[in-house]
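K.L.:
Quick paste of what Swiss-Prot says about this protein:
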BINDING   ARG18, TRP19, HIS33, ASP69, ASP77, LEU78, PRO79, THR80, ASP137  substrate binding site
BINDING   HIS33, HIS68, ASP69, ASP137  divalent metal cation binding site
DOMAIN    30-142  domain 'HD'
SITE      ARG18  site 'Appears to be important in orienting the phosphate for catalysis'
Amino acid sequence: MKESHFFAHLARMKLIQRWPLMRSVSPENVSEHSLQVAFVAHALALIKNKKFGGTLNPERIALLAMYHDSSEVLTGDLPTPVKYYNPEIAKEYKKIEAAAEHKLLSMLPEEFQEDFAPFLLSHSSHEEDSQIVKQADSICAYLKCLEELSAGNHEFALAKKRLDVTLQERKTPEMEYFLNTFAPSFELSLDEIS
């Protein structure tokens with residue numbers, strides 16, 4: 001049996017800092033972020049199913065969200081302003097991400113690659129599932145901005161404005177429900193939510 005370095009690589013998600021160009025009151029790594037995105041994506045799928053007639057699989061979507069940034073163990077976390085500086089850079093970076101996804105998948109024993117492919121290869125997942133994960137990813141970035149701003153860190157003011165626009169562009173009934181129901185608490189202190 002051949003050794004696999006797959007999970008050793010995934011364990012390094014905790015070493016990759018998000019928001020690398022920003023001063024943060026509370027630093028965040030890719031592992032923490034992925035778990036929060038999984039929580040939110042799962043909730044968005046449940047909200048869509050229960051409130052807006054969806055037929056999604058919330059558990060599959062949560063799993064997809066857990067792995068959504070896993071290729072960053074090979075690429076690092078490129079800051080959003082750099083990644084989307086212009087369409088050419090964004091297009092080339094997508095190619096780099098795809099190559100990293102395939103490299104990560106190839107680290108698994110062959111008998112498990114088919115099982116992991118839908119979660120590791122961004123082009124393999126259902127479009128609707130991917131959209132929910134993208135929505136959750138944007139919401140989590142927005143919530144991070146709320147937390148930082150609430151702690152007095154104005155470094156995140158511009159990022160929040162940018163995310164206000166992104167959330168408006170991606171707006172769905174389930175996102176609106178989530179944001180109205182859960183987001184205000186992120187601006188409160190522990191005493192206020194206890």
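For all residues, glycine too, the Cβ spot is worked out from N, Cα and C.
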K.L.:
What average pLDDT is reported by the model for the domain 'HD' (30-142)?
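P.N.:
Averaging the confidence scores along the domain 'HD' (30-142) gives 94.
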K.L.:
Sorry to bug you, but what's the C-alpha spacing from ASP77 (substrate binding site) to ASP69 (divalent metal cation binding site), rounded to the closest Å?
P.N.:
9
K.L.:
Determine, for the divalent metal cation site, the additional residues of the same chain whose CB lies within 8 Å of the mean position of the CB atoms of HIS33, HIS68, ASP69, ASP137; present them in sequence order.
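P.N.:
Going along the sequence, the neighbours appear as VAL30, SER34, VAL37, ALA65, VAL133, CYS140.
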K.L.:
Comparing the binding-site residues ASP69, ASP77, which residue's C-beta has the most other C-beta atoms within 10 angstroms in this structure?
P.N.:
ASP69
K.L.:
Count, for each of the binding-site residues ARG18, HIS33, HIS68, the other C-beta atoms lying within 10 angstroms of its own C-beta, and report the residue with the smallest count.
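P.N.:
Across ARG18, HIS33, HIS68, these binding-site residues, the one with fewest Cβ atoms within 10 Å is ARG18.
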K.L.:
Write down the Cα-Cα distance for HIS68 (divalent metal cation binding site) and ASP77 (substrate binding site), rounded and given in Å.
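P.N.:
Their Cα atoms are separated by 12 Å.
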K.L.:
Among PRO79, ASP137, all listed as binding-site residues, which has the most CB atoms within 10 Å of its CB?
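P.N.:
Of the binding-site residues PRO79, ASP137, the highest Cβ count within 10 Å belongs to ASP137.
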K.L.:
So the record assigns ARG18, TRP19, HIS33, ASP69, ASP77, LEU78, PRO79, THR80, ASP137 to substrate. If I measure every Cα pair among those residues, what is the longest distance in angstrom, as a whole number?
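P.N.:
Largest pairwise Cα separation, rounded: 15 Å.
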K.L.:
Give me the CA-CA distance between HIS68 (divalent metal cation binding site) and HIS33 (substrate binding site), in Å, as a whole number.
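P.N.:
It is 10 Å, counting Cα to Cα.
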K.L.:
Per DSSP, to which secondary structure element type does HIS33 (substrate binding site) belong, with helix, strand and coil as the options?
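P.N.:
In the DSSP reduction, HIS33 (substrate binding site) maps to helix.
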K.L.:
Can you tell me whether DSSP puts ASP77 (substrate binding site) in helix, strand or coil?
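P.N.:
It is coil.
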